[in-house]
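Copied from Swiss-Prot, the annotated features are:
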- GLU114: active site, proton acceptor (ACT_SITE)
- 120-365: domain 'Radical SAM core' (DOMAIN)
- CYS127-CYS370: disulfide bond (DISULFID)
- CYS134, CYS138, CYS141: [4Fe-4S] cluster binding site (BINDING)
- GLY187, GLU188, SER219, SER241, LEU242, HIS243, ASN327: S-adenosyl-L-methionine binding site (BINDING)
- CYS370: active site, S-methylcysteine intermediate (ACT_SITE)
Amino acid sequence: MNEVVIPSVLQDGSVRTPEPRKQNLLDLDREGLERFFADTLGEARYRAHQVMKWIHHRYVTDFDQMTDLGKALRAKLHQHAEVLVPNVVFDKPSADGTHKWLLAMGTDGKNAIETVYIPDKGRGTLCVSSQVGCGLNCSFCSTATQGFNRNLTTAEIIGQVWVAARHLGNVPHQQRRLTNVVMMGMGEPLMNFDNVVRAMSVMRDDLGYGLASKRVTLSTSGLVPMIDRLSTESDVSLAVSLHAANDALRESLVPLNKKYPIAELMESCARYLRGSKKRDSVTFEYTLMKGINDQPEHARQLARLMRQFDNAVQSKDAGKVNLIPFNPFPGTRYERSGETEIRAFQKILLDAQVLTMVRRTRGDDIDAACGQLKGQVMDRTRRQAEFRRTLEGQADRDAAA
């Protein structure tokens, strides 16, 4: 990957050629790193493997500390490469052991995301973001109130895992405190497909974090064509933000349903399972909101949908349900369902032989619970105003020219 470097003319008439931008090695999976070492550095493939382990196993970002690399190779790395990880703005522990990091992406202060670690009975799950903000406008999600800013790079996605694993003292293949990763943070992962898939490759690589495919879960609101593409490029676990089992209600909660209604979504999920013997189920997430989608009829609709899905895949428990009590945030019109309603909803599903779990709320005292992540993204009105000012400034400069 050769970058074109464009010279600039200075006021005194001299020409200055800027230095080529260095390659952030955190942006590369194993294949990309091998290619970079061969094409740019002229080095053997095993050298790329050594560096990958230094970065992801030992959390070393200074080439001079990579002691099994020769001096000449370290010099070439300094010239052509760097390892840039997200900056930790703050980290905040919860009373229940949950831990949240606010990570700065870039230098303008407007691009920050949140990453959450949830320990629970011998496992540790990291909730990772894929975008700064989100553009899908799900009406019950805090992130949606901030609008969409941009996609995260591969380095910014896997960098969240790096920051958390380093903080936790995680040692891949030995001392595992980070056992699962869920792409359920800020953003819609399938709208940042290439960067997310590349980052998940590092998560699952033995030279990276060594997680089994079933321990990496991608959660989507239902981009049908991208689910089909994911089926051909990755074997991770799939979760779907369903939240309603009829189109009219789901459209009011998840506007994407207008483009990809439930029938199309369920068909794509069935294709995903049929695409590999390694995949045996899809998790359907259902956030329970008081008086909105928590009534017995809603539970019966969901039970029917899960039975239809099992029949389509020809496998029992192909569809699993994860009930999520709604987590309130400032300005929302929704309320959490009561414990009685939650248990009654679950009982209807269990009686219909639908495998159903209720997700215990974690980290709500630090706004780290499901649906509460929003980072420090400029709100949409301010961002649109800034964009208009930028356009006006450009127009003034064009007129002056």
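Just so you know, glycine gets a Cβ as well, placed from its N, Cα and C.
Positions of the features from Swiss-Prot, shown on the structure.
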residue	record	DSSP class
GLU114	active site, proton acceptor	strand
CYS134	[4Fe-4S] cluster binding site	coil
CYS141	[4Fe-4S] cluster binding site	coil
GLY187	S-adenosyl-L-methionine binding site	coil
SER219	S-adenosyl-L-methionine binding site	strand
SER241	S-adenosyl-L-methionine binding site	strand
ASN327	S-adenosyl-L-methionine binding site	coil
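Cα to Cα, CYS138 ([4Fe-4S] cluster binding site) and SER241 (S-adenosyl-L-methionine binding site) are separated by 10 Å. Of GLU114, CYS127, CYS134, CYS141, all annotated as recorded positions, the residue with the shortest Cα distance to GLU188 (S-adenosyl-L-methionine binding site) is CYS134. Proximity to CYS134 ([4Fe-4S] cluster binding site), defined by a C-alpha to C-alpha distance within 10 angstroms, is shown by the following recorded positions from GLU114, CYS127, GLY187, LEU242, ASN327: GLY187. In sequence order, SER129, SER130, GLN131, VAL132, GLY133, CYS134, THR143, ASN151, LEU152 make up the list of same-chain residues 6 or more apart from GLY187 (S-adenosyl-L-methionine binding site) whose Cβ falls under 8 Å from its Cβ.
Of all Cα pairs drawn from GLY187, GLU188, SER219, SER241, LEU242, HIS243, ASN327, which the record names as binding S-adenosyl-L-methionine, the longest spans 19 Å. Only CYS141, of the recorded positions GLU114, CYS127, CYS141, have a C-alpha within 10 angstroms of the C-alpha of ASN327 (S-adenosyl-L-methionine binding site).
Put simply, LEU242 (S-adenosyl-L-methionine binding site) is 13 Å from CYS141 ([4Fe-4S] cluster binding site) when counted between their Cα atoms. Cα of HIS243 (S-adenosyl-L-methionine binding site) to Cα of CYS127 (disulfide bond): a span of 19 Å. The average pLDDT the prediction assigns to the domain 'Radical SAM core' (120-365) is 95. Distance from the CA of CYS127 (disulfide bond) to the CA of SER241 (S-adenosyl-L-methionine binding site) is 15 Å.
Least crowded of the binding-site residues (CYS138, LEU242), judged by neighbouring Cβ atoms within 10 Å of its own Cβ: CYS138. Distance noted between the C-alpha atoms of GLU114 (active site, proton acceptor) and CYS127 (disulfide bond) is 9 Å. Note: the CA-CA distance between CYS127 (disulfide bond) and SER219 (S-adenosyl-L-methionine binding site) rounds to 10 Å.
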